[in-house]
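What TrEMBL says about this protein:
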type	residues	note
ACT_SITE	His175	active site, proton acceptor
BINDING	Gly7, Ala8, Gly9, Ala10, Val11, Gly12, Asp32, Asn95, Val118, Ser119, Asn120	NAD(+) binding site
BINDING	Arg82, Arg88, Asn120, Arg151	substrate binding site
DOMAIN	1-142	domain 'Lactate/malate dehydrogenase N-terminal'
DOMAIN	147-298	domain 'Lactate/malate dehydrogenase C-terminal'
Amino acid sequence: MKVTVVGAGAVGASCAEYIAIKDFASEVTLIDIKEGFAEGKAMDLMQCASLNGFDTKITGVTNNYAATAGSDVAVITSGIPRKPGMTREELIGINAGIVKSVSENLIKHSPNVIIIVVSNPMDTMAYLAHKATGLPKNRIIGMGGALDSARFKFRLAEALGCPASDVDGMVIGGHSDTGMVPLIGKAVRNSVKVSEFLSEERMQEVVEATKVGGATLTKLLGTSAWYAPGAAVSAMVQAIALDSKKMFPCSALLEGEYGLNDISIGVPCIIGKNGIEKIVEIELSEAELAKIQESAVGVKATNALLD
Ligand SMILES: NC(=O)c1ccc[n+]([C@@H]2O[C@H](COP(=O)([O-])OP(=O)(O)OC[C@H]3O[C@@H](n4cnc5c(N)ncnc54)[C@H](O)[C@@H]3O)[C@@H](O)[C@H]2O)c1
Ligand SMILES: O=C(O)C[C@H](O)C(=O)O
């Protein structure tokens, strides 16, 4: 499998590193507009091959899409990250133009590619990639929910005083500080609902900490996070490569699911060799359904800025 990662910055390089370490792809091409940057990152990563024991070939190019030809999967991380105090939505002015031109360039050289959109504001950028490319809806996947769910599990494990491997939980809705919907009522520790262990107040703290997970890290780091975002993308690329039919919450183009239309927003999806193989409609409580619909209003307001 050939994977292109557009943007060799913090998240792009982290994606390439995790994909290589897991050793399921034959080739990763990093591409960036900054002269020599992707070449440098690729060389540095390739010098890890003998140390970390992978055979994936990582190459880097400066803005030459011919080198991305024949990609099975392309990950779009190009664009600016937010600074402390900003929202993801504030990035739209610069990132929309970048994501549009990158998506168009990718499909010129890789007509069968599956695109994973990471650049923020991610749900709107995934929607824009659909509009710019006209690709079938299974082939454009927004990454946000996999990361948000990992952060939810981290916060749950912290509250429960247990390892993250003991807990399961999912975050749906928009990938934004206010729009995320951590499904706390469905979260479990070894199949026992977390409400059996945590007070209502503690569960609400977990929900709130999850929703501002990206903002918390941005404040600490001075820019947004990259390790968990890279790991989340690599897990999704792996599910495509291995056709594993794993379920991730992903930003998918909806046509009536959850009562929503003409929007890309986080919902549970089965990921396999065709990208989004199925959008799963889980039963939501009235409160959960109201939250995802409210979240959709926010995403649509950001989408409207594209016009
Ligand atoms: N969806 C998520 O869960 C998630 C998680 C983390 C970061 N992000 C987003 O990912 C994006 C990248 O974040 P980062 O921390 O890697 O930023 P970064 O600044 O470290 O890297 C971005 C890279 O994109 C490159 N770039 C800019 N325009 C380009 C173009 N037209 N073609 C190719 N490359 C181009 C830049 O030169 C830079 O190297 C941001 O928008 C950030 O908000 C999303
Ligand atoms: O928080 C951000 O701006 C980056 C990303 O969306 C994240 O959740 O880490």
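The backbone N, Cα and C atoms fix where each Cβ goes, and this holds for glycine too.
Small disclaimer: the values here were computed from a predicted structure and weren't measured.
Considering only the binding-site residues Gly9, Val11, Asp32, Asn120, the residue whose Cα is spatially closest to the Cα of Arg82 (substrate binding site) is Asn120. Closest to Arg88 (substrate binding site) by Cα-Cα distance, out of the recorded positions Gly7, Gly9, Val11, Val118, His175, is His175. In the three-state DSSP classification, Asp32 (NAD(+) binding site) falls within a strand.
The two recorded residues Asn120 (NAD(+) binding site) and Arg151 (substrate binding site) have their Cα atoms spaced 18 Å from each other. Here the domain 'Lactate/malate dehydrogenase C-terminal' (147-298) has a mean pLDDT of 98 out of 100. Here the binding residues for substrate are Arg82, Arg88, Asn120, Arg151. Their largest Cα to Cα distance works out to 18 Å. Counting residues of the domain 'Lactate/malate dehydrogenase N-terminal' (1-142) by DSSP class, helix then strand then coil, yields 68 helix, 28 strand, 46 coil. Checking the binding-site residues Gly7, Val11, Asp32, Arg82, Arg88, Asn120 against ligand 2 with a 6 Å cutoff on the Cβ atom leaves Arg82, Arg88, Asn120, in sequence order.
For His175 (active site, proton acceptor), the same-chain residues lying six or more positions away in sequence with a CB closer than 8 A to its CB are Arg88, Asn120, Pro121, Met122, Asp123, Gly142, Gly144, Gly145, Leu147, Asp148, Ser251, Gly266. Each of the binding-site residues Gly7, Gly9 was scored by other CB atoms within 10 A of its CB, and the lowest score goes to Gly9. Residue pair Gly9 (NAD(+) binding site) / Arg151 (substrate binding site) shows a Cα separation of 22 Å. Comparing Cβ neighbour counts within 10 Å across the binding-site residues Arg82, Arg88, Arg151, the minimum falls on Arg82.
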